[in-house]
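Trainee: Starting off with a structure, shown below.
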Amino acid sequence: MMNPVDGTGFSRESTAEVVTKLRCRNIWKIYGQRPDKALATALGGSEPPLTLKRRLEETGHFLALADVSFDVQQGEIFVVMGLSGSGKSTLVRCLSRLVEPTSGEVWLGGENLLAASERRMVEVRRKVMGMVFQNFGLLPHLDVLDNVAFPLRMQGMPPADRTAKARDMIELVGLRGRENSMPLELSGGQQQRVGIARSLAVDPELWFLDEPFSALDPLIRRQMQDEFLRLQQLLQKTIVFITHDIQEAFRLADRIAIMREGRIIQIGRPADILLTPVDAYVASFTEEVSLAKVVTAGSVMAKLPGNWDASRGHEVDAATPIEMLLPRSLAGTQTFVITREGEGPVGLLTSEIIAKVLANDTAQRVVR
Amino acid sequence: MSILAALPVRVDNPAPYFRRQTVWFGILIFVSFCLAQRTAWPWLLTYPKAWILPAAPAVNGIFDWLVPLLTPPCAVISSMLGAALDACGFALRWMPWPATLAFFAVLGWRAQSWRLALFTAVALGYIVLAGYWQQGMNTLSMVTLAVPLAVTLGFLLGVGAHTSRHVRSVTLVALDLLQTVPAFAFLIPLLLLFGFGPIAGLVACVAYAIPPMVHCTMLGLARVPVSLLEVGGMAGCTRWQRFWHVVLPTARQQILTGVNQTTMASFSMVIMAAIIGGFNDVGWEVLDAMRKADFGHSLLSGLVIAVLAMVVDRITRGFAQPRHGSARQTRHDAVRVAAFLAVPVVGGALLHVAPASMARIDTLQGVVDPNALNTFVLDLVRAFSAPLDSLKVFVLYHFMLPLRIGLAAAVTPFTWGFAWTPQVSAFYAATTLVLAAWLTVNGRWGAGIVVLLGAALLLFGFNGFPWPAFIAVTAGLAWSVGGGRLAVPVTIGTSFVVTAGLYEPLGQSLYLCVLAVLICTFSGGLIGIAAAKSDRFSALLRPCCDTLQTMPQFIFLIPALMFFQVGELTGLIAIALYAIVPPIRYVEYGIKSVPADLVETSRQIGCTAWQRLIHVEFPVAKPEIVLGVNQTIMAALSMLPVAALVGTKDLGQQVYIGLSKADAGLGLVAGLSIAIVAMISDRIMRATVSRAGNSLD
C-alpha cells in the first residue's frame, strides 16, 4: 500500500519546483459530549476503523474525521472526494477552523493554525483564505457588488477601494452589468459566480471550494468547471476542492484524496487511482470513469531507451489523454514519443501499453 | 401560544400495551367506585373547606411583604412612565386630526400601497365621525409607548436566550407562564404595585407584549442558515461583525414579524387594561357602554378598537414584508419617507395658527349618532327575540346543562319532554356498555374506555364528577401518552388546583371550554375542509380569519352580549368566536399539505372525495389537526377571564373577583390554575402528536 500522505510522491507532469503550501497532520474530529475522552479511547486502541466508529457511537460520539493527514502543494488543485457523510466537508472546515478539530495540526508555512488564537484566525481568514460554499451563501440583503465587497468591508477597507476591487472580481467572473442585482434575481450559476468572486476578492493564497457546483444543473456545472479551470490557469491558487462527483474530481484534479467514514483511504494522481486502486471500494468508485479519458500519456509511458534515435516516432505531449491517441494507434502508429515542454522527449508509449490500459478498463467492468 | 410549540416535549416511551390496559381497568373501577359513593361521601364532590391548602393566603403574605419593598422603585418607574405617557398623549391630541390622519395614510402608503393608505384614511375617518378621536389617541399613545419598550426588552431577551443556554431555560419557562396565565391575573400584582390607573395598564401591556418579540427574535436568530454563519467566518468577521452584518440582516424578517405581533399584543392588552385603568381611552368606553347595556355606544367604540387594530396591524405588517432592494435604496427611501411624513406634521402645526379653521374641522367629530344605532340594534334584537330566545333555551337545555349538571339532572319533562326514569337510566347504561364492549371486541379497547368515561361524565356532568376520579383520569391520560415523565407533573398540577379549593370553578371552566372547543372544532373544521377544497372560498376566508385574529379579546363580547344578554351562553359564544380561527387554519393547512402523490394515488385507486377525506387526508393531516385543536383549547382558556365579564362562574370569574377586590392571592392562584389547565392540555395534546409521528416512522 502506498504512503497515504504524499500518494505516489507528488510529481506533476511538469518538473516545476514543488513547494508544500499546506500540511495537515493527524486531524481528528469527534462530535459528542466528551470528545477528548473519546479521542483518548480511539488513540489507545488499535482496532479497525469500522469497529472504532461503532464503539464511539455507543457512547454517543460521532467520529467525523479520523487521523487525516495530507499535503497540498503550491498551485495545486487538490480534490477531496467521498460520498455524503464521509467527512469531506468537515475536513475543509477544520482547515479554516470554522469547525474546531478535536486534535491535529494544520501547518501553513511555519505556523500551526490549530494553535493560533481566534484573533489570529480572523486575520488568516481575512487575508489568506477564500471559500466557496455549496449553497452559494450569498447574503440575501446585499446586492451583488456588496456581497463581493463584503469580506473587504469586514477588513475595514475604505468604500471606494473595496468597490473598485469588487468590480474587478465581478468582471473576472463575467458578471459585469449585474452589480446591482439582488442574489435572488440571479440564476444558480450566476449566484455561484458571485460566490467565487467574493471568495477571490481578498486575493487569498488558499482557495477552498466546498462542493461548489453540486447544486447546479449538469450543463451549467460543466460550464462552471471550465470557468474554474480558466480562473486557475490565470490565478495559480493553492486549491482544496471538495466534491462527491467522481467525474468532476477526475476532470479537475491534480491529485485526489478519497475519503470514507472520516478517513482518507487513498491519495494520488487521477491515473494512479484508476490504475492501482487500493481496494474494491475505490475501484467501485472509479468504474464510471473511462480510463482512456483520464490516463495521460506521461503517466503510463515507458522509459526512453538509452540508444534512442530522436528522429523516430510521432511526438506527443505528456499531458495528452490516451483517448486522443487511439485513432492514430488504430491507424497503425506503433510508437509515440512523449515530450514535455522545455524537456524534449522523456519517454515512449507503445500501442501495446495503450491496449493494456484499455483492457484493464474493460476487465474491471466485466468482473462486475 | 406559539412558544409552547417551540418547547421540546419530553416523552418517555409510551407505556406497554398490557400494562396500559390494566391501569385503565383500575382507573375505571376507581371512577365507578367514586361515582357510586358520591351521595354517601359528599366530600367526593365538594372539596372540603378544611382541606384547602392556604395557597391564596400564602401569596397574599408574600405580597404584603414584597409590595412595601418594591413601592419606591415602582414609584420612580411610575413617574417616568407617567411623564412619557403624558407627553405622548399630549402630542397626539395636540395634532389636529386631519394631520394625524394624513400622517398615518402616508405611513400606510409606504408600508404597502395606496390601497392601505385609503383604508387607513377611511378607518381613521370613521373614528373621527364616531366621536372617539380623543379616546383613540389616548389608546394609541399607550401603544406608542409600550411597543418600543416591549420590542427593546424582548429583542434583548431573545438575543440573550439565543446566546446563553442558562438565559434560555429561564426565559422559556417565563414565556410559558406569561402566555398561559391570563392577562387579567397579572394585572393584579401590577395593581398592587402601581395602583389603579394607566401606568399599571402600561406595564401590563409591556409585560404581555414581550413574549412574541422574544419568541420571534429567537426563531429568527436560530433560523439563520449555518452556511451564512460560515460565510461570515470565512470573510473574517469578528463575532460582533458577524452578528451585526450577517445574523441580524438575515433574521430581520422574522424580527419584524415579532414587532408586528408585539404591537398587536400590546394593543389587545391596552383594551383590557381599561378594566383597572378607568382612563379616558377606547377600552374604557367599550367597558362603560357594555356595563350600561348601551349597545349603540358599545358597538361604535368596539368598531373603533377593531379598525384601530386593523390599521396598526396592516401598517406594521406591511413594514415587515420582505423588501427587494439594496441597502443603498433603502436608505434613500427612508429619507423620502421622512420628507413625506414631515408634510402633515408641519401642516398640523400651521392649523394651530388658525383657530377658526381648527374649530370648523372639529365639528366633524362625533357626527354619527349612537342613539339611532341603539334603537336600530334594539329593534333588531326585539324582532328576533323569539327565535333567539328559543335558540338560547335549546342550547342551554340540550348542550350546556347536561354537560354542567349531567343528563340525570338536566333531563326533565320540562326541558327534554320526558323524565329521567330508572328505565331510561338502564337503557342508557346498557347502550353504553354494549357500545364499549363492541369496541373492545373489535380491538379498540381505548375507544371503549373513552365511551365509558364519556358516558359517565355526561350522566353526572362536570359538577357531579368526583374530584379524585378527575385527578385519576387526567393522570392516566398523561401516563398513556407520555409515560411517567408527563404523568407526574400533570398529577401535581391537577392536585394543586383541587387543593387550592378551586375544583368547582375548574369544573365550570372545563365545561365551558369543552363545549366551546367542540363547537369550534366541528364548525371550524368544516369551514377548514371547505377552504382546503375551494381556493376561492379560501381566498375569501383569509381576510376574515386575519381580522378575527387581530381583534382584541374584548370585542367578541359585544355581539354575543347584544343578542343573548348576560349569562353563560353569551360567554360561550364569545369564547367560541375567539377560538374558531385555529381549527379553520390548521385543518385547511393540514389537508392542503397532504402530499400530492398521495392524493393522486387515492384517486387512481378509486376513492370518492369522501373516502379520500376520511381515509387519506384526515389520517395524514392528523398532527396538524390535533395542533389546531390544541390552539383552540389555549385560545378558549385565555378567553375565560374576559368571558367572566358577562357573568360566567368559572376560574376566570375567580380571577375577575380577585382583580376587583385587589386580592392578589385569589386572582393569582385562579390565574395559575387556568395556566395549569392550559399547560396540561397542551402537553397531553403534543405528546399525542409526537407519539402519532413516531408510530408513522
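Any Cβ shown, glycine's included, is placed from N, Cα and C.
Reproduced below are the annotations present in TrEMBL:
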DOMAIN    B:136-316  domain 'ABC transmembrane type-1'
DOMAIN    B:506-685  domain 'ABC transmembrane type-1'
TRANSMEM  B:23-44  transmembrane segment
TRANSMEM  B:114-133  transmembrane segment
TRANSMEM  B:140-163  transmembrane segment
TRANSMEM  B:183-210  transmembrane segment
TRANSMEM  B:262-279  transmembrane segment
TRANSMEM  B:299-316  transmembrane segment
TRANSMEM  B:337-354  transmembrane segment
TRANSMEM  B:424-441  transmembrane segment
TRANSMEM  B:447-479  transmembrane segment
TRANSMEM  B:486-503  transmembrane segment
TRANSMEM  B:553-580  transmembrane segment
TRANSMEM  B:664-681  transmembrane segment
Trainee: Is it the case that the transmembrane segment (B:140-163) and the transmembrane segment (B:262-279) have 3 or more CB pairs under 8 Å, with pairs at least 6 apart in sequence?
Mentor: yes
Trainee: Would you mind listing the long-range same-chain contacts of the transmembrane segment (B:424-441), meaning Cβ under 8 Å and 6+ residues beyond its ends?
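Mentor: Answer is 407-408, 411, 418, 447-449, 451-452, 455, 459.
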Trainee: Counting a contact as 3 or more Cβ pairs under 8 Å, with residues at least 6 apart in sequence, do the transmembrane segment (B:262-279) and the transmembrane segment (B:183-210) touch?
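Mentor: Counting Cβ pairs under 8 Å (6 or more apart in sequence), the transmembrane segment (B:262-279) reaches the transmembrane segment (B:183-210), since there are 3 or more.
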Trainee: Looking at the stretches B:23-44, B:447-479, B:486-503, B:664-681, which one shares the most CB pairs under 8 Å with the transmembrane segment (B:183-210)?
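Mentor: Ranked by Cβ pairs under 8 Å, first place goes to B:664-681.
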Trainee: Which sequence positions outside the transmembrane segment (B:447-479), separated from its termini by at least 6 residues, show Cβ-Cβ distances below 8 Å to it?
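Mentor: Here the qualifying positions are 15, 23-24, 27-28, 30-32, 34-35, 37-38, 44-45, 47, 401-410, 428, 432-433, 435-440, 486-487, 490-491, 494-495, 498, 503-504, 507-508, 510-511, 514, 680, 683-684, 687.
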Trainee: What parts of the chain pack near the transmembrane segment (B:486-503), using Cβ distances under 8 Å and only residues at least 6 beyond its ends?
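Mentor: Hits for the transmembrane segment (B:486-503): 10-12, 46-47, 49, 51-53, 55-56, 467, 470-471, 474-479, 651, 654, 669-670, 672-673, 676-677, 679-680, 683-684, 687.
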